[in-house]
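Note sheet for the following structure.
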């Protein structure tokens, strides 16, 4: 499971899903930043983000509050989508596209208000986003593979194929070290977002 060969084999199997996760997210960014974006839905999502931001700013220790809120929210949602991917791999797709749309919509609005988007991305997203987005892409990749290999296992069993559940079992085994990577990356991201990003954006 944690051997070098085992990790490489797991990565080779999950890599196409990881790449597809990246494509889905940035497709969502493009949709969110377009004139045809579902503005009402996205504005509701941004209201929730602003509510969290206000809670952080009104606390006695904003950095610590931000760290705990970000960590709890990100770990819960990412692990949830990783597990719920078992339902035909749909939840990871929804999460990736919707989060991409929110980011695209937010950046488009800020651009319309005259903000420097390049500076915002470099200071406000990139420092922690490298870790957080990598964790999200990896979790969603496993979620999608869970759903697909489960479907293949069921179909293979019905058709009498030999060892139809092997891909699903390999995915489950590979998800254990991946889970550790996801949690560690999210913790790193939360630390950076609550310190470096908070300082850069203050």
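Backbone N, Cα and C atoms are what each Cβ position is placed from, and that goes for glycine too.
Checking the ranges 43-67, 168-192 against TrEMBL, the transmembrane segment annotation falls on 168-192. Residues 21, 24-25, 27-28, 31, 132, 135-137, 139-148, 150-151, 175, 179, 182-183, 186, 189-190 of the same chain lie 6 or more positions beyond the ends of the transmembrane segment (74-97) yet place their CB under 8 Å from a CB of it.
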